[in-house]
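Here the structure is laid out as structure tokens; the discussion comes afterwards.
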Amino acid sequence: MAQEHPAFRSGFVAIVGRPNVGKSTLLNQLVGRKVAIMSNRPQTTRHQIRGVVTTDSGQMIFIDTPGIHKPKHRLGEAMVETALAALREVDVVLFVADITSSQIDQDRQILQRMKDLTTPVFLVLNKIDAEEKGKILSKIEQYQSLYPFAEHIPVSAKRGTQLNVLTEQIMFVLPEGPKYYPDHMVTDHPESFLIEEMIREKVIHLTREEIPHSVAVVLEQMEQRPRGTLYVQAVIYTERDSQKGILIGKQGAMLKKVGELARAELERLLGNKMYLELWVKVKKDWRNDDSVLRRFGFENLS
Ligand SMILES: Nc1nc2c(ncn2[C@@H]2O[C@H](COP(=O)(O)OP(=O)(O)OP(=O)(O)O)[C@@H](O)[C@H]2O)c(=O)[nH]1
Ligand SMILES: [Mg+2]
């Protein structure tokens, strides 16, 4: 008699929560490669970012989302809408919270918006590496009083702690389904997207105050040149002349640093030599300009 194989399970898993709780760090750890940029500033992620994990028994397609916050401009509104839209398209929701944060009230407000969901929601309490062990249990209890979570898993996305438990629990609730993506595919975003995001990450790391938030990166040209060099030209848009000055820096020092850091990491990730040419341009108040936002790829504008 032929041996019965367990069914192949597959499905979509949204990663949602407040800004800066570690959603993109979690995605990257799960996938085992950097597909989403990360920073210690809130509102880093602006789009849905997919990462695929395939095992012998199933496939999980994770969707990282922008942090849910009170928007102050049209870009923020589009980001929040992008995050909420992911909730409606998935089989499981991971609600990520920062166990070290005392702002549980903001989580309460987000969970309130999720109260009509019929999809199972897992509580993923992140950053346990930075919290006293004795406090973890009471935090879990606090959160459980806010929402009927299907599971709760304390993790450290940064260190990779407990992520195997998390994926086991996810696989358990996923339906039988097809292999949506081929075995070794970790994301379906084009290289151009990764390049734009990586440049933006370096700007976020090297600048302060409003600049990280006021920057958008648009790839203008990309071509494979002889001897294996990838030639890339990109524009960093910002909102004011003063910001443009800071981004270029004294004798171009800041722009050079952004370019060096982005190129080094991209060359490692893409396994390709790269020639990166960066320009800075001003687009006044672009975060409130619907036509510019659409051009920059933000579709969720109500
Ligand atoms: N100590 C600790 N820090 C973490 C952990 N996970 C993420 N972080 C840090 O938290 C900060 C935010 O991480 P991100 O992954 O960018 O957070 P995010 O939720 O994607 O943020 P947005 O995209 O702005 O919504 C970074 O400084 C991370 O290094 C963790 O497990 N432990
Ligand atoms: Mg993020």
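Just so it is clear, glycine is given a Cβ too, placed from its N, Cα and C backbone atoms.
Residues 43-47 are the range that TrEMBL records as region 'G2', among 43-47, 68-72, 208-212, 248-252. In TrEMBL, the region 'G4' annotation falls on 126-129 of the listed ranges 2-5, 74-77, 126-129, 166-169. Looking at the stretches 64-67, 132-135, the one that TrEMBL records under the feature region 'G3' is 64-67.
In summary, the region 'G3' (64-67) does not lie against the region 'G4' (126-129): fewer than three C-beta pairs, each 6 or more positions apart in sequence, are under 8 Å. For the region 'G1' (17-24), the list of distant contacts is 36-38, 40-45, 49, 64-69, 95-98, 101, 103, 106-107, 110, 126-127, 157-158: same-chain residues at least six beyond its ends, Cβ to Cβ under 8 Å. Counted with DSSP, the region 'G3' (64-67) comes out as 0 helix, 1 strand, 3 coil. In this structure, Ile68 (GTP binding site) belongs to neither helix nor strand by DSSP; it is coil. With a cut-off of 6 Å between Cβ and the nearest atom of ligand 1, the binding-site residues Asn20, Lys23, Ile68, Ile128 reduce to Asn20, Lys23. Taken in sequence order, the binding-site residues Gly17, Asn20, Lys23, Thr65, Ile128 that lie near ligand 2, meaning a CB under 6 Å from one of its atoms, are Lys23. In this structure, the binding-site residues under consideration are Asn20, Lys23, and the one with the smallest number of other Cβ atoms within 10 Å of its Cβ is Asn20.
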